[in-house]
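Reviewing the structure listed below.
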Amino acid sequence: MQLLTLGVNHHTAPLAIREQVAFGPDKLVQALHELTLSKRASEAAILSTCNRTELYVNTVSPDALSQWFADFHHLDVRELAPYLYTLPREKAAQHAFRVAAGLDSMVLGETQILGQMKQAVAAAEEAGTLGLLLHKLFQRTFSVAKEVRSSTEIGANSVSMAAAAVRLAERIFPSVKEQACLFIGAGEMIELCMTHFAAQHPRRMTVANRTTERARPLAERFNAGVIPLTALPDEVAAYDIIITSTASPLPILGKGMLERAIRQRRHRPIFIVDLAVPRDVEAEVADMNDVFLYSVDDLGQVVREGMDNRVAQVAQAEAIIETSVASFIHWMEGRELVPVIRGLRDAAERHRRHELDKAHKALARGDDPHAVLDAMSHGLANKFLHAPTHGLSHATPEERAELVRLISQLYGLHPE
């Protein structure tokens, strides 16, 4: 079995690819069970966010994973291959540690990814697809993330995606305070965005969600209104700023709906930030003159502002991760030796019992105890020496040189 990470992220794949391989909540458990029941992996966890989709697995067939990944999303593996990365063993552990610590994020040092990773692990645990190896990996991962954040200032002055959305809105409108804001969805990202926009005291805030009951507690926190998604065609024209982040597999805001809204607004602009993957807004909306549409990838420049202040902390964080990876690999290699060590001990126990049984029988016959003990010790010595001497006798010249070195090292020999 082998620890392996396979996936795509904002470094390797554009949004148009990432949205095709995202695992929605309705598909996640199915995917985890498919992976493990098909024997492609004995353990599996899936991390799927707006910036990455990654499989963390314990597998005997790493080559089959990319094919499964493509097949699950009804894609051609040859078209997906240029965007995929496959990281084995220590590289997989290093990657997990870096992701959780925020070193691989679009926003260097951001903390939201750690919560998303914990949710992915909880989902895998609930699905029954975590075993000893992945449990240990993620236990170490969360410990390393905590150490990096407490020992460095990697997250200091970090600009979140939510804060970046506010900054972009301020570039479009003279004042957010005079605008009406619509938030589509009721998840963690929408909550963060509402927190940042509420600090600017917009004229009106409204939450639109598939189920208004789920949105109501969030809306009440910010003194916002609530509408169902079905009301969007009639309501969207009333809003200047729209932030959307749902788990919908299909777009919620179409070009036709927004064209009607712009006409109703007499071509007053609408600012939209689409933080969903797959996208909540049809891609064609970006071509409209009076709509300023920004995707997750478009926020990159804003969130990188101020990064210079945090880059100096990266080396210290990487040093912590390097040490932690070495420790984890040491544990993993030790675990891999357990069957061999157990086999050695079992063989030794069989030899011991065999010689002891012979000795008991000899003593029962009245044989001299000294002779019995001498015979038992010779028998044990011969049993334990048989394997190495037989190996040396039957090895090729190349194998023999390596065996001599190993046996000398194991038994502390110093051959002349």
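Glycine is treated like the rest: Cβ placed from N, Cα and C.
Pulled from Swiss-Prot, these are the features on record:
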{"type": "ACT_SITE", "residues": "Cys50", "note": "active site, nucleophile"}
{"type": "BINDING", "residues": "Thr49, Cys50, Asn51, Arg52, Ser105, Glu110, Thr111, Gln112, Gln116", "note": "substrate binding site"}
{"type": "BINDING", "residues": "Gly185, Ala186, Gly187, Glu188, Met189, Ile190", "note": "NADP(+) binding site"}
{"type": "SITE", "residues": "His95", "note": "site 'Important for activity'"}
Once Gly185, Ala186, Gly187, Glu188, Met189, Ile190 are set aside, which residues in the chain still have Cβ within 8 Å of the Cβ centroid of the NADP(+) site?
-> Phe183, Glu191, Leu192, Cys193, Ser245, Thr246
Whose Cβ lies within 8 Å of the mean position of the Cβ atoms of Thr49, Cys50, Asn51, Arg52, Ser105, Glu110, Thr111, Gln112, Gln116, the substrate site, other than those residues?
-> Met106, Val107, Ile113
Cα-Cα distance linking Cys50 (active site, nucleophile) and Ile190 (NADP(+) binding site), given in Å to the nearest integer = 13
Other CB atoms within 10 A, centred on His95 (site 'Important for activity') = 22
Tell me whether Asn51 (substrate binding site) sits in a helix, a strand or coil according to DSSP.
-> coil
Measure from the Cα of Thr49 (substrate binding site) to the Cα of every one of the binding-site residues Gly185, Ala186, Glu188, then give the nearest.
-> Glu188
Highest CB neighbour count within 10 A among the binding-site residues Gly185, Gly187?
-> Gly185
Near Ser105 (substrate binding site), which residues of its chain come within a Cβ-Cβ distance under 8 Å, counting only those 6 or more away in sequence?
-> Asn51, Val99, Ile113
Site of maximum Cβ density within 10 Å, from binding-site residues Asn51, Thr111, Gln116 = Asn51
Pairwise C-alpha maximum, in angstrom, for the residues (Thr49, Cys50, Asn51, Arg52, Ser105, Glu110, Thr111, Gln112, Gln116) that bind substrate according to the record = 15
Of all the binding-site residues given, Ala186, Glu188, which has the fewest Cβ neighbours within 10 Å once its own Cβ is left out?
-> Glu188
